[in-house]
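**Q** OK, TrEMBL features for this one:
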SIGNAL    1-25  signal peptide
TRANSMEM  54-73  transmembrane segment
TRANSMEM  85-107  transmembrane segment
TRANSMEM  127-147  transmembrane segment
TRANSMEM  195-215  transmembrane segment
TRANSMEM  259-281  transmembrane segment
TRANSMEM  287-313  transmembrane segment
TRANSMEM  325-346  transmembrane segment
Amino acid sequence: MARNLRLHALVVILLLVSFWTPSCSESIPTPNSQCQTQLQQGCHDRPKSLKLKLIAIATILVASMIGVCLPLFSRAVPLLQPEGSPFAIVKAFASGVILATGYMHVLPDSFNCLTSPCLPENPWRKFPFTTFIAMISAVMTLMLDSFSMSRYKKELMEAQVAEEEQNEGMEIDDNLGREEGTNKKLGAKLVRHRVIAQLLEAGIVVHSVVIGLSMGASENPCTIRPLIAALCFHQLFEGMGLGGCILQAEYGFKMKAIMVLFFSITTPFGIALGIGLSNVYSDNSPTALIVVGILNALSAGLLNYMALVDLLAFDFMGPKLQANLTLHIWAYVAVFLGAGGMSLMAKWA
């Protein structure tokens, strides 16, 4: 959790630095006529935009809390317990939403920022920085994933060795031996779920703050209104995906509460931050475009890796879906529905 706190703080610092770095933008040429045209487009109504943004903070907060908390209370509903088939289908749907978020929302936003006419053609439109950064981000996520698993497995093995040393000289029957073997398998599986939950939370924190900041700084009610509905849908089902991972990680109440809180408040926090700094922050300032574009590319690489490798591949190659063809097919249907619904939201957001 300390790593998540540090990452959250780093994101906020980077965004704040982007507001007060005129020296960086001074080296960038004055925006050309195409950029000036882009700045003047759209409807602008500051009081109406502020009202919509305050509504957005409340509705997105509620949608986020509902989405991430639903799976955590599923143990009270026999039909939705993690071991059941309905839970696997719901999780597949939510994984499709996360996959589409990376490919259809975050990645295109990064392209728009880093290829904006408000930035000089050289180097920003001479090299595909978005895909390059997303690729590096995916590989770095793999590194974090593998190193975290290696460290946790080492700690698990050391704990098991210590436990075995304590049991030396004691008579252990065959049933107890089989139980210890099962516990080792369950321990490794639990470690895997915890690594997935932590990495997914980190990726979501990054792009949620960026999305919220962009909405908070906007004074265009024509784009804010549909964006509220799209973000509520997005936060609801992305929260369900994260909530499922948190549930399977079997954290204690305190850790669950912290992760739920972080997910729920990041987008509203970004909106509030954007409102407070709207006088000094401009979506089309060169420094802001670069910082937001890079953060979105990093987030896209992380989310795409997590969705494909740690969520979809982990479940679809697992024993539950492999052993049940009907459930396997329905899970794929759920993935396409989730990805399709979130892709449709790209029309408005």
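For all residues, glycine too, the Cβ spot is worked out from N, Cα and C.
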**Q** Do any residues of this chain, six or more beyond the ends of the transmembrane segment (85-107), have a C-beta under 8 angstroms from a C-beta of it, and if so which?
**A** 71, 74, 79, 130, 134, 200, 207, 234, 237-238, 240-241, 244, 296-297, 299-304, 306-308, 311-312, 315, 320-321, 324, 327, 330-332, 334-343, 345-346, 349
**Q** Considering only the recorded stretches 127-147, 195-215, 287-313, state which has the highest number of Cβ pairs under 8 Å to the transmembrane segment (259-281).
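**A** Against the transmembrane segment (259-281), the leading stretch is 195-215.
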**Q** What stretch in 54-73, 127-147, 325-346 has the biggest tally of Cβ pairs under 8 Å against the transmembrane segment (287-313)?
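**A** Answer is 127-147, with the largest number of Cβ pairs below 8 Å.
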**Q** Between 54-73, 195-215, 325-346, who has the most Cβ pairs under 8 Å to the transmembrane segment (127-147)?
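**A** The stretch with the most contacts is 195-215.
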**Q** Counting only residues 6 or more past its boundaries, what in the same chain has a CB within less than 8 Å of a CB in the transmembrane segment (54-73)?
**A** 80, 87, 90-91, 212, 215, 224, 227-228, 231-233, 235-240, 242-244, 246-247, 256, 259-260, 263-265, 267-268, 271-272
